[in-house]
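Enquirer: This is the structure, below, for whatever I ask next.
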Number of protein chains: 2
Amino acid sequence: MSIERWVPLVGWLRRYNRKLFSRDALAAVIVTLMLVPQALAYALLAGLPAEMGLYASMLPLVLYAIFGTSASLAVGPVAVAALMTASALSDLATPGSPEYVSAALVLAALSGLILIAMGVLRLGFLVNFLSHPVISGFITASGILIAMSQLKHILGVEASGHNVIDLLGGLLSQWQQVNITTLLIGLGVLGFLLVCRKRLNTWLTAIGVSASTAGLMVKAAPISAVVVTTLLAWGLNLAQHEVALVGTVPSGLPAIGLPSLDQTLWFGLLPAALLISLVGFVESVSVAQTLAAKRRQRIDPNQELIALGMANLGAGVSSGSPVSGGFSRSVVNFEAGAATPLAGAFTALGIMLSTLLLTDMLAFLPTATLAATIIVAVGTLIDLPAVKRTWQYSRSDGAAMVVTLLLTLLHSVEVGIICGVVLSLGLHLYRTSQPHSAVVGRVPGTEHFRNVKRHQVETDERVAMLRIDESLYFANARYLEDTVMALAARSPSLRHIVLTCQAVNVIDASALESLEAINARLCDAGVKLHMAEVKGPVMDRLKQTDFCDALTGQMFFTTFDAWQALAEAIKANTPPLPTQ
Amino acid sequence: MSIERWVPLVGWLRRYNRKLFSRDALAAVIVTLMLVPQALAYALLAGLPAEMGLYASMLPLVLYAIFGTSASLAVGPVAVAALMTASALSDLATPGSPEYVSAALVLAALSGLILIAMGVLRLGFLVNFLSHPVISGFITASGILIAMSQLKHILGVEASGHNVIDLLGGLLSQWQQVNITTLLIGLGVLGFLLVCRKRLNTWLTAIGVSASTAGLMVKAAPISAVVVTTLLAWGLNLAQHEVALVGTVPSGLPAIGLPSLDQTLWFGLLPAALLISLVGFVESVSVAQTLAAKRRQRIDPNQELIALGMANLGAGVSSGSPVSGGFSRSVVNFEAGAATPLAGAFTALGIMLSTLLLTDMLAFLPTATLAATIIVAVGTLIDLPAVKRTWQYSRSDGAAMVVTLLLTLLHSVEVGIICGVVLSLGLHLYRTSQPHSAVVGRVPGTEHFRNVKRHQVETDERVAMLRIDESLYFANARYLEDTVMALAARSPSLRHIVLTCQAVNVIDASALESLEAINARLCDAGVKLHMAEVKGPVMDRLKQTDFCDALTGQMFFTTFDAWQALAEAIKANTPPLPTQ
């Protein structure tokens, strides 16, 4: 029981059978075909040797299969993590250099340790503070940055940079060095992949191919582009035409070993590792939850933290780049029928076989082909209409999204996401610090009370009923004081104020002090304070204090009770104006 | 109208008359008597020459009278600002040195500019994020630190430090140097002041003195201690017994001039200036609001920012230390009858006269006397029972208070207050990220719905009604997904989930996406999602989106409507279990 909690594999492996095996094996073959070019491409995007993408698709997948809870999540190198890796490391060393590679392994191991620690300490809730608009703006901006960073491979020039300005500047300064052969290959693959994505499915179903086969053939388009352009490069000896090829990829499996233990490096990479961990986790959990729900299954987010952490730790000790759960590969894995996390382990086996057998061939793969597959793949990340949609729904959500998007594009991924998170928290706190409240009156003949500004309602100039539409806590406590005292200052004939609290879920210590201050000040001004519809848990707490005794007025069960009682009190005994 | 908005003096000066003048003048005399020793003492506490406290009680008070909106607030040097000044400057220069004095003027001017900028930009709401427990913990810790920092003057030794550990260490290492004469003066004054505070009022009223005269005599106790010990020091030539005296205070008015314009200094002091501004503003506004409410008046917090800013700017250009609204002096000012802000300007006149006439005498004032008056004065700041009270009311408020208190005592004022604010915001966000929710059922025979765990209620295994007790925003959006999907996963016979939303004041873009995801996942699982009691403003927003169309179930006006409709739907047509 205890082992099963930490190692879910122990639980489901007992029920493993031939049927599940055949489903997992089929999914693994399909995902392997998709993963080989992606693994190479994302390693190059991260500024790492191509084989590190393959290494990141071996041990990490096996570890995820042991510790993970999602049957469908396809772990491995992903585009956004690759972009963030490049951004984090480019200040430390030259891309591709031994120091750079060494730092990448530290980054992976550190991300792994952070994720495991968060899982063990059950800190998964921390990702809740990455709001949807921030994540969405960040992912869209990352997609644009990744696509732009691949243009140099398609143009056959040298250019680098981690924001739109640097990337554009680099490309423009190099436009005279464009390699026509490379450009033709790049545009050819790009056109082919786009046509496959947009039309192939329709064409195939039109000629009678079944929908599922057609879907698989569409997914296989990148691998056929890889095969064709590799054969072209080999047959026509394109290296002589200065077409950049992937080049020698060492055959064989990665060595296992500890990453560098340089303390300065570890501390320096901490912020970047934290961001990569959080972003990777949010994306992985979102896709895993969505896919699990389709089969009415559930995943355990805190166990996912541990599983993704083990996968990254595995990458760090086996020469792999940082890994995460990939969106499109997971969907393919799911649709191909993956039944247990073992599908991932079988994929790792497929990648190992490919590494042992195919490296001679992969050496002839043009980088322009990889760039074209990346550009098409990240197209699904870019969702610009979401900006307009979010802005229309809520200005503050829209603002957080736009700021994240623009800062990521124009400055860097780190600054973009951090500013987005801080802004979204700040806007949320600002909003709740000025909560909506409304003076309400009785809808004639009913027990309902509505906003006096919107409805024809009954009121009494000696009684004001204020409905508060937010929990009361320190950030809005003084706002409440202002609102109530302004109400009291406006009408000299006022004798009673009733706060109706059906939307008040919490009254914290600051708000309690404010209520005490309001009560005392209203008392000085000859006005009684009452409360109505206070919730059970809130009331339980108030009863522990002497607020209820100090309250000049009463606690009413409903707003209507308050209305009736005060109307009677006023009728029975209109008190004289207090002398001031 | 426009001038009056920025310079409130223009408004009320037209209505000024002899009666108001005599009230203001009387209040000014009393406050002056109280302020002279306090101004000297707080300057010494801040590590500044004694006269800077007097200078801070001239121009700043006149400027506050022009721009302020509170008739009672007594601006000038205060204990907490003095402590924060000393803490901010001690790393930069030796206390009392020209560089130190110069930095203090920059600190005052910078605080002034920050406050003015906040007022003009209407950023007064920022102080709402300083919660009561954090402020209260901070003020108590400051009181303890100030009292401890004064012990050296009473013992007649040299010791410094900005936390309890350093202060205690300094005092213990010096215990052999204790000056007995100084100690006798210090303990004598301390005993006298404590007896006056605790007993004098009772004694005086017992022998027939009127309550108000007795109150004023109690307030005058410090000034009589100052007069007596000064005469003693002069008559007995105590300087020869190595009793520390205030020493030569330059007679005359301060020079007006710009503070240092050293950029590094300005940037370095920015964080400290921000903290002093915010803390000073919170304290000033609290006392001003409390006093204004007693006369059913109101103050304008954003105009107060400008007025306090002008006062600090005035201090910075006229050799004064940072100023703020003092709690005890404001209460005295109010009780003495101050009717307009001119009372403050008259106090400034009183301080000017004192500076011109009394400096020869003040040179003989023992610092031990001043230390004793400070210790007694800050006694009112220390409120340790509040810690217990706050902890009992709310664990998270109590934790924020204890952390602020301990870090301020054990580390420094800056770290204490910053950690307190961050912790209180974090705890608030954590709490709202895991909101209370309850599955509710119908109280038999009524239209009321209550928590199934607490009450005997009717339920139906095919319908789950979930009441959500918090606004839905990004931090709790995923928590909502978890809660709902766990509910769905628990009971296979479930067909309908109703979210009742009477406590949901906002649904932000993240929560909307979560609701869409929940709706889609429940649909996949054969469960319909309904909503009930959605508030008007929330509904208005939802209607702009296609969520209402996508919703598999219905929007019900009340929970009871939902209950009736679903009961009928189930009775009329029990659908077959969907094949999975």
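Glycine is no exception: its Cβ is also placed from the backbone N, Cα and C atoms.
No curator has checked TrEMBL annotations; they are predicted automatically.
TrEMBL lists these features:
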| type | residues | note |
| --- | --- | --- |
| TRANSMEM | A:25-49 | transmembrane segment |
| TRANSMEM | A:61-88 | transmembrane segment |
| TRANSMEM | A:100-121 | transmembrane segment |
| TRANSMEM | A:133-155 | transmembrane segment |
| TRANSMEM | A:175-195 | transmembrane segment |
| TRANSMEM | A:216-236 | transmembrane segment |
| TRANSMEM | A:265-288 | transmembrane segment |
| TRANSMEM | A:338-358 | transmembrane segment |
| TRANSMEM | A:364-387 | transmembrane segment |
| TRANSMEM | A:399-427 | transmembrane segment |
| DOMAIN | A:453-573 | domain 'STAS' |
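I would like each feature placed in context: is it buried or exposed, what are its neighbours, and how far apart are things?
Expert: Using a Cβ-Cβ cut-off under 8 Å and counting only residues 6 or more beyond its ends in the same chain, the transmembrane segment (A:61-88) has close neighbours at 6-9, 31, 35, 38-39, 42-43, 45-48, 53, 95, 104, 107, 139, 142-143, 145-146, 149, 162, 269, 272-273, 275-276, 279-280, 283-284, 287-288, 291-292, 295, 297, 299-300, 303-304, 306-308, 310-311, 313-314, 320-327, 329-330, 332-334, 338-345, 347-348, 351, 374, 377-378, 381, 412-414.
For the transmembrane segment (A:133-155), same-chain residues at least 6 beyond its ends with a Cβ under 8 Å from one of its own Cβ atoms are 44-45, 79-80, 82-84, 86, 161-164, 167-168, 170-171, 174-175, 178-179, 182-183, 186-187, 190, 244, 279, 282-283, 367-368, 370-372, 374-375, 378-384, 386-387, 390, 397-398, 400-406, 408-409, 413, 416-417, 420-421, 424.
Away from its own ends, the transmembrane segment (A:175-195) comes close to residues 153-158, 221-222, 225, 229, 232, 238, 241-244, 366, 368-369, 371-373, 375-376 of its chain (Cβ-Cβ under 8 Å, at least six residues beyond either end).
Under 8 Å from some Cβ of the transmembrane segment (A:265-288) lie the Cβ atoms of residues 69-70, 72-73, 75, 78, 80-81, 84-85, 87-88, 92, 102-103, 106-107, 110-111, 114-115, 118, 124, 126-127, 130, 135, 138-139, 299, 301, 304-305, 308-309, 312, 322-325, 327, 330-331, 413-414, 417-418, all in the same chain and six or more residues away from its ends.
Long-range Cβ contacts of the transmembrane segment (A:364-387) within its own chain (Cβ-Cβ under 8 Å, at least 6 residues beyond either end) map to 37-38, 40-42, 44-45, 79-80, 136-137, 139-140, 142-144, 146-147, 150-151, 153-154, 156, 182-183, 185-187, 189-190, 193-194, 197, 222, 225-226, 229-231, 233-234, 238-239, 243-246, 327-328, 398, 401-402, 405.
Through the fold, the transmembrane segment (A:399-427) approaches residues 83-84, 87-88, 129-131, 133-134, 136-138, 140-142, 144-145, 162-165, 271-272, 275, 279, 386-387, 390-391 of its own chain, all at least 6 residues removed from its boundaries and within a Cβ separation under 8 Å.
Mean pLDDT across the domain 'STAS' (A:453-573) comes to 88 in this model.
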Enquirer: Can you tell me which of A:25-49, A:100-121, A:216-236 gets the most C-beta pairs within less than 8 Å of the transmembrane segment (A:338-358)?
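Expert: Selected stretch: A:25-49, with the most Cβ pairs under 8 Å.
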Enquirer: Six or more residues out from either end of the transmembrane segment (A:216-236), which same-chain residues have a Cβ under 8 Å from its Cβ atoms?
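Expert: Cβ under 8 Å, 6 or more out: 30, 33-34, 36-38, 185, 188-189, 192-193, 196-197, 200-201, 204, 209, 243, 245, 332, 336, 361-362, 364-366, 368-370, 372-373, 376-377.
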Enquirer: How do the residues of the domain 'STAS' (A:453-573) split into helix, strand and coil according to DSSP?
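Expert: Final tally across the stretch: 59 helix, 22 strand, 40 coil.
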Enquirer: Should anything in the same chain at least six residues away from the transmembrane segment (A:100-121) have a Cβ under 8 Å from its Cβ atoms, list it; otherwise answer none.
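Expert: Sequence-distant neighbours of the transmembrane segment (A:100-121): 46-49, 52, 56, 85, 88-89, 92-94, 259-260, 262, 265-266, 269-270, 272-274, 276-277, 280-281, 302-306, 308-317, 319-323.
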